[in-house]
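The signal peptide feature in TrEMBL is assigned to 1-27. Taken from TrEMBL, the feature domain 'F5/8 type C' covers 32-178. The domain 'Laminin G' feature in TrEMBL is assigned to 184-371, 377-554, 803-968, 1025-1211. Feature annotation from TrEMBL assigns domain 'EGF-like' to 556-593, 969-1007. Annotation comment: TrEMBL describes 592-644 as domain 'Fibrinogen C-terminal'. As annotated by TrEMBL, disulfide bond applies to CYS941-CYS968. The transmembrane segment annotation in TrEMBL covers 1235-1260. According to TrEMBL, the feature compositional bias 'Basic and acidic residues' maps to 1268-1282. Residues or ranges marked as region 'Disordered' in TrEMBL: 1268-1303. Look at TrEMBL and you will find 1284-1296 tagged as compositional bias 'Polar residues'.
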Amino acid sequence: MDLWTKALAVNIAQILLVLTCSSWTRGEQDICDSPLVSNLQPSSFRSSSQLSSSHAPFFAKLNRRDGAGGWSPLVSDRYQWLEVDFGERSTITAVATQGRYGSSDWLASYLLMFSDTGHNWKQYRQEDSIGFFPGNNNADSVVQYKLQQPAIARFLRLVPLDWNPSGRIGLRLETYGCPYTFNVVSFDGSSSGLVYRVSPGQRQSSRDVVNLKFKTLRNSGTLLQLEGNEGRGLNLQLERGKLLLLLRKGKTSSSDTRHLASLGSLLDDQHWHHVSVERRGSHLNLTVDKHTERVQIPAEFIHWNTEKVDTNYYIRNTFNVQPFTRTYPQSTISRRSFHGCVENLSFNGYNLIELAKHNSHQVTGNMTFSCTEPVSVAVTFNGPQSFLQLPWTKTSPETTVSVGFQFRTWNKAGLLLTFDLWQKKSVVWMYLSEARLQLQVHNEGKLVLELTAALNDGQWHLVELQSRQGRLTIVVDKGEGGSAQGSLSFPVAIEGHLFFGGCPIEDESPECINPFSVFQGCMRLLTLENKAIDLILVQQKQLGSYSNLQIDMCGINDRCSPSHCEHGGRCSQTWNIFHCNCSGSGYSGATCHSSVYEQSCEAYKHNGNTSGYFYIDVDGSGPIQPQHVYCNMTEENTWMQIPHNNTDLTKVRPTPGVNQLSLHFDYSAIDNQLLAAISQSEHCEQELSYHCRNSRLLNTPEGSPFSWWLGGPSPGWVQTYWGGAHPGSHQCFCGLQGDCVDPQYYCNCDADRAEWTEDSGLLSHKESLPVRSIVLGDVQRPGSESAYRVGPLRCHGDKNFWNAAFFDKETSYLHFPTFHGELSADVSFLFKTTASSGVFLENLGIRDFIRIELSSSTQVLFSFDVGNGPLEVSVTSDVPLNDDRWHRVRAERNIKEASLQLDHLPVSKQKAPADGHFHLQLNSQLFIGGTASRQKGFRGCIRSLQLNGVTLDLEERAKITPGVQPGCPGHCSSYGSFCQNQGRCVERTNGFHCDCSLSAYTGVFCQTEVSASFKSETSVSYTFKDPHRGGRNSSALPSSIYSDLTLREENVSLSFRTSQSPALLLYISSYYREYLALLINKHGEGTQAFILKIFVYLCKAEVLRSSVRSLANGQLHTVSVKRTTHSVTVQVKNTTAHSMITSFLHTPLILATDPLETDGLDPDLARLASLGFTGCLSVVRFNNSSPLKAALFLPESSPVSIIGPLTLSTCGSASSSGSVGSDQPLVNAIRTDSALIGGVIAVVIFVILTGLAITARYLYQRKDTYRKQEGKEVKQDERPEFRYSSSTDPPNLSSENQKEYFI
């Protein structure tokens, strides 16, 4: 045979080998349901015991009647088991059980264990972590259970849990499956591994897939490395029982690594684990067993090609790790080689182990094609009654003691070991406390040794206790976990027995006392006096004793891998449960599922919040993280504002040699947050302006624009229109309006003039927002100057918050696709109704369901079933829920608990079963407002319905559904209470707003005080409109007109803050020289009293004085005056005092219909007014009029006259500082109120402490009323009223005959 023929034969053989190796998994796709037990020999069966030879385990074959008709153990308890050896590793897909023939013996439930070696058993668990299987209810029927995930093992062990209480354990069984095909190789951790070199023709691929299975007892070591071009590599390595995926750049000791992903836990359990790594374009998928994590590959690794696959990779140099970015945390390549077994290793479909067996030139390495497993028998301590008792074989006191064992646990506390000493009343306890190992020797005192390392991390830890000549030494992990020593005054000698994990019941073993909690975890490699303990002998009850243990297996589970804590919640666990720490995540609940923030500024407003910074979570429990925004609550709209890195007007500074200037804007929110916020808003806008001088904007001679901007989803689409114009128009706002400075251009700046001009406007096309960057092109010419501004993104409205539907019949409903909330589900919505019951939501499965309903007029009920039986959570309200007001419902269900909240009532919770089903499996349509049976439907409104953060569009579905109407009006009944201070709630289609026109306050809820700072030269006058001013010259008015235009009471209120005394606050007078004055003056020695003076025409003045002192102290005080026909009530409030008094007037006061001209002001008050006023006045109100508010916000359209500086201020706020008059002058006051004070029939001049003090409201005395009251009045003092002094220390103004009231 010539050389060419030989080469051709070799190539053909290799091609056939590759074809064979690339299809090794094909057999697994065939039907796999053949019986595996029925043809086995008797030697393939073992059991814990047997009742008799006719009840032997090999009689336990399905439908057989041999012997006694099945297997029965000697004693029926939970320590019995039946074991089957299939002879080779097999794929098991189903298990069938049957009771013992012709008896009352059968199993009601059982556990399944699997093993490859007959040791180190692993309990089979279903998808929902259910550990038990349902059995039989009689001796003859067959119950078959198909495994959700096939098990691969050589040995099966069935452990009875429950059986017929009237019989005993009895069993016949069958398993179904098929032989398992595998190729295996083992590595000893020291020799070189398998190396596969990829041929050049195989390298050019954007997709690489590696599949393998491994098992090991070591928790660290490099499992696999893929080497690529340019020194790039990918490492798969074990670290503390987790599998890490690392990217490596470079082959030297200074190589850099990046941690891409980590999956799995407790992978050092000597059981097979499946691993898959798939590189597809710019992403990597890492799969460990049933869990997959998808990660993004850094840009520089996207185009690398795999050149070599290396298992058991050994790093002989220390790598210097330098982090590339904060996205990928730094890590190190393990210096340990993998020690264990690998099977079915494939790369892009090629079976590498098979290639190695056939000596392919592409595969090299030193390996063994078998899996030799060390026997390591572990024991599991499950619960409160668990303990292991071992005898101490030495019969006399010795001077040396040696005890060793390994343990692993999640618990922070628990007894590990205890024993008595020969010294009387001496006992030793070794235990965990706060995850730290402590040793306590109790003998008329205590000796405590403590190690600081935390040992509840789920890892195996070796503990060695030694005593020599009275000196105790305890060492953890060969010293890596710490060590401690202590001396005793007596020798340490063990007496009797050692107890591991706990103690028997006290009555059974008085020698063992456990003052600590019991141990829950696993132990192995127990040694006494350096001799290994055979735990199989313990299991066979030939050595020691035990209770509630699982021997020859470690049943530890990592409940935090994968973590059920969502949104970055930190998972911690004990043996039985896990806990999620949600602090700092922005989410709450048992699994950090529900957002603690509202989804929009609109929602915050309807909680009663005013303007400020808030976190909003646009998709609730969805994946988008909360974002920090400013919510500007105005009377018309609620604006959400998202800034970026430069919202100021910025002068362009061109770079030499660069013709175009590109500017990028970074927002405070990331891309998905921005797009979601824009999508759910009703309107969004962003200012875009360009100020120019000899700098053109859009127009160029060749038609392409000088400048443009990019907007929309990152990185943005090119836009060639400017602020205020329409998309695609290639214009600016002036071009749209037709008023550009040069009509032949569509932008002002395109006129290219030497004087400054601008093109500004708002961008409001939501699909083009936000502005990502702008490019300015005409900035380099000599003499060109320009500036730009891109304002913050502003949006208002929330389409989701107001999405509502009205159900007018019990038989009406909306239906949507099936709700998918297998592991966690939250439902939130608002409702209002007049009905006493009805179903809000229902979704059904074969057995599972979820339902929320109004069960009565005061109760909401949340019920569901995930396979463990129905679970209900209810909340009862103290007030009726059918009051036609909006009520909020929040329901959540996860694998730990179910919760329900109604309005602001406490959350009601129900715990989920600890070991039960937790997948919610639904398959029908989702019904809203009704049920599939069309019974118990809901009548009323449902709004803002969200399931797992996704809003259902009720309105769109309602438009095409009979019996359901889109939208739902009527919001003031629920939100009207937010309108304060005489604000009036006004309905809107979507929401409400507070009309503050009749309030002395302003703001979104009429909650903001309208305050002003005054100088001594400031005055404000307000004139009420007089509809009968033309009749002023007539001597009298008809009585009908007179009565219609007469007001019989006045309400006056204001707040003030000043350090001035004396001071006139308010003066109201009539054309008949009647007046009402509010002032501060000295009263007594060193005190400032508030004084109300009322002067009635033809009568002397009545004076009321306040008992609240020190009113001119710079603090805020509030005054209220209410006058009726016969009385006056005055209230004075401050932060420390509150006084009120009511006085009956000697002369009734009535508002005049036709006021007369006044000849002048009371000379005493005139002298006081001449002092002027420096201070603050706030929320001045006269009946329904707000003169100060009109002066500040509507100075041009209101009947006000302002002299001197009037400054808008916050001085009227109770939280404002005591300084007065320090605010900036009011500039361009916002005008928010419509025409104020219309139809008032008298003229009042309102003057705030001016030289002439003309603030007026004119009073008129109706003479017939005066005559009726005259006989009842007390005679007034006719002496002149007290004098007001303009000096700082006026004379004593008291008069013995003067009428005074102190408040």
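In case you wondered, yes, glycine gets a Cβ from its N, Cα and C as well.
Cβ neighbour count for CYS968 (disulfide bond) (all protein chains, 10 Å cutoff from its Cβ): 24.
Non-local contacts of CYS941 (disulfide bond) by the CB criterion (under 8 A, 6+ apart in sequence, same chain) comprise ALA804, ALA805, PHE806, PHE807, PHE831, LYS832, THR833, CYS968. Broken down by DSSP into helix, strand and coil, the domain 'F5/8 type C' (32-178) contains 9 helix, 67 strand, 71 coil. Taken through DSSP, the domain 'Fibrinogen C-terminal' (592-644) splits into 5 helix, 20 strand, 28 coil. The DSSP breakdown of the domain 'EGF-like' (969-1007) into helical (H, G, I), extended (E, B) and coil residues amounts to 7 helix, 12 strand, 20 coil.
When averaged over the domain 'EGF-like' (556-593), pLDDT in the model lands at 93.
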